[in-house]
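Enquirer: Pulled from TrEMBL, these are the listed features:
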- A:Pro2: active site, schiff-base intermediate with DNA (ACT_SITE)
- A:Glu3: active site, proton donor (ACT_SITE)
- A:Lys60: active site, proton donor (ACT_SITE)
- A:Arg269: active site, proton donor (ACT_SITE)
- A:His96, A:Arg115: DNA binding site (BINDING)
- A:2-118: domain 'Formamidopyrimidine-DNA glycosylase catalytic' (DOMAIN)
- A:245-279: domain 'FPG-type' (DOMAIN)
Amino acid sequence: MPELPEVETVRGGLNQLTLSQEVTGGDVLLQRTIAYPFSVDEFIDKVKGNTIATWHRRGKYLLAELSSSSPSYLGVHLRMTGQLLWLTQDQPLHKHTRVRLFFGEKQELRFVDQRTFGQMWYVPSHVAVESIITGLAKLAVDPFSPEFTVAYFADKLKKSRRPIKTGLLDQSMVAGLGNIYADEALFKSGILPTTLCTELQLPQIELLRTAIIQVLSASIAVGGTTFSNFLSVKGVNGNYGGEAWVYNRTGEPCKICGNVIGRIKLGGRSSHFCSQCQS
DNA sequence: CAATGCACCTGCTCGC
DNA sequence: TGCGAGCAGGTGCATT
């Protein structure tokens, strides 16, 4: 479900709904969802009594800053199938409910995750967030950051001899792209996914950088639902727009030239492309 | 060191 | 209808 646009949409919803209300308790239904601390009782104990000042996003990670002069953090990664839902506590439990955090008397932030890859962390005050949520340490710049310049991108690419599709999925190259938006950005910039990073010329790198930003912002603009079968925090949506140019369109005609969309595996992931429009 | 393959899970779809 | 194979939006670790 969630790549950068979906995570950003969730962040927006959480900032509207969850701030300034005390966490009054919680329930962990699947232990291994809690990556830190080791004890789930300690996790609930530490989160309890806090209020959330604001939700941040770094790549596909969500970080709740807990109100304090020296803040602690609640980290969440949705991985493949995680959802955060804002509900009343009396709502029937979904089969895949993994963690419940109670807010005030009636409200609840519920973590539902079919495939159980999703994780949550509690990061104490005065501790570097990257030392607990280790995935953050290797995270590259955000595609919307002013640091994501052509020069930055070109420098990363010239050091990497592997297919560009694989490179785009590497969160230490750019943070936030996943399989869908990587394929879409490559189509938009006319680059075959198999092209080696080192083979890309400056004009192509400029095109690709622009395509990444465009594809992601277009999706954020419609609430991350462009091609995601995705639920917002309020539980609305879940529409599959089918607006992708290439993703999941194997065997169908290219929307630009009519050529059949192909699929190959790169780095273990399906890559969709038009061999006519991309070279 | 960089690149690759696979494990981690549950559930759905497809072909036989 | 049943069954196995293959697939799914991500990441981390072992192996080359």
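Cβ coordinates come from backbone N, Cα and C, glycine included.
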Enquirer: Count the residues of the domain 'FPG-type' (A:245-279) that DSSP assigns to helix (H, G, I), to strand (E, B) and to coil, and report the three numbers in that order.
Expert: 0 helix, 12 strand, 23 coil
Enquirer: For the recorded positions listed here (A:Lys60, A:His96, A:Arg115), tell me which residue's CB has the most neighbouring CB atoms inside 10 Å.
Expert: A:Lys60
Enquirer: Out of the recorded positions listed (A:His96, A:Arg115, A:Arg269), which are within 10 Å of A:Pro2 (active site, schiff-base intermediate with DNA), Cα to Cα?
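Expert: The recorded positions close to A:Pro2 (active site, schiff-base intermediate with DNA) (Cα within 10 Å) - there are none.
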Enquirer: State the count of C-beta atoms found within 10 angstroms of the C-beta of A:Arg269 (active site, proton donor), not counting that atom itself.
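Expert: Counting Cβ neighbours of A:Arg269 (active site, proton donor) within 10 Å gives 15.
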Enquirer: Residues with Cβ closer than 8 Å to the Cβ of A:Glu3 (active site, proton donor), same chain and 6+ apart in sequence?
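Expert: A:Glu3 (active site, proton donor) has long-range Cβ partners A:Lys60, A:Gly176, A:Leu177, A:Gly178, A:Asn179, A:Ile180, A:Tyr181, A:Ser228.
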Enquirer: Please report the distance from the Cα of A:Arg115 (DNA binding site) to the Cα of A:Arg269 (active site, proton donor), rounded to the nearest angstrom.
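Expert: So the alpha carbons of A:Arg115 (DNA binding site) and A:Arg269 (active site, proton donor) sit roughly 17 Å from each other.
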